[in-house]
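Report on the following structure.
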Amino acid sequence: MSGDVAERERCPGRDPAGLFRAGHVVKMCAPMVRYSKLAFRTLVRRYGCELCYTPMVVAADFVRSAKARDSEFTTNRGDNPLIVQFAAKEAQVLCDAALLVCPFADGVDLNCGCPQRWAMAEGYGACLINKPELVRDMVRHVRNRINNPQFSVSIKIRIHEDLKKTVDLCKKAEATGVSWITVHGRNIEERHQPVHYDAIKVIKESMHIPVVANGDIKTLKDAENVHRLTGADGVMVARGLLANPAMFAGYEETPLKCIQDWVDIALEHGTPFTCFHHHLMYMMERITSKQEKKVFNILSSTSAVLDYLGHHYGVCS
């Protein structure tokens, strides 16, 4: 674990479950492999994002390896409220991982939604939606071991083809003390098919705890529409925020101020070039021509990117 973790331990964040209140839709940054790291979380928090998740971390590796902890989990004093998402299949391992991060984070989330083959083959991710007793056991273990009642324990799921199974899973998790449930409105096999917002609505109406909607939310207007369709207490966004980190502040496309902020934050954090460049490629997708993309996307150094941004957009380094 790296970053200003000692400072962070002395300044715990607020209870993340307290963000959920009547008449308010909580705006969240999804866990994204390689992308929802500290620098990007810092950026989206400046533009209306209220709750951020780390990329998914394999709990067994995190517990076993100090090197994995240092590379996978970086935070600082301003990085709150923060949820660390873990891939796990054993209650004790998830519990050990949660105990390691609890002084520096505001909650943990169990990934029950990743449909990637490697994760499913290892017993992680979306295969857990078919193991409700195991999910319940993992949540219960963390709840029993973490003494801080404000520390949240949540799950992120996909839906079953038989929605009754999803409702059953959610009710079992709720009974064990899960803080909220994020529902990606597609089943394990679906990738780019339309999101089943009607399914999220059914789940929401079956629960007494907050339900967060996830899937194909690309603008603030989308977020408002999804809330209206589902009644969800929050919205979680992935690709929409990559394309426009300022979307929660109501911008239709990435403003130049946001690009300038990303340059400043990334340089301050020492963000590796590939990550720095990829974020800019996503952010500038809607505001650059095809010819500009051809030039910008093959730049191969931070100095070349900074020169380009300064010359074409007046962005300073």
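Quick reminder: no glycine exception, Cβ is built from N, Cα and C everywhere.
Residues or ranges marked as domain 'DUS-like FMN-binding' by TrEMBL: 29-296. The predicted model assigns the domain 'DUS-like FMN-binding' (29-296) a mean pLDDT of 97.
Counting only same-chain residues six or more apart in sequence, the Cβ atoms lying under 8 angstroms from the Cβ of GLN85 (FMN binding site) belong to PRO31, TYR53, THR54, PRO55, MET56, VAL57, VAL108, ASP109, LEU110, ASN111, LYS156. Per TrEMBL, FMN binding site is recorded for PRO31, MET32, VAL33, GLN85, HIS184, ALA238, ARG239.
Under the heading active site, proton donor, TrEMBL lists CYS114. In the shown protein chains, 22 other C-beta atoms lie within 10 A of the C-beta of CYS114 (active site, proton donor).
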### Task
Please compare the binding-site residues MET32, VAL33, ALA238 by how many other CB atoms fall within 10 Å of each one's CB, and tell me which has the fewest.
VAL33
### Message
Within a 10 Å radius around the Cβ, which one of these binding-site residues has the most neighbouring Cβ atoms: HIS184, ARG239?
### Response
HIS184
### Message
Tell me the Cα distance separating CYS114 (active site, proton donor) from VAL33 (FMN binding site), rounded to the nearest angstrom.
### Response
11
### Around the Cβ of PRO31 (FMN binding site), the count of other Cβ atoms that are within 10 Å
26
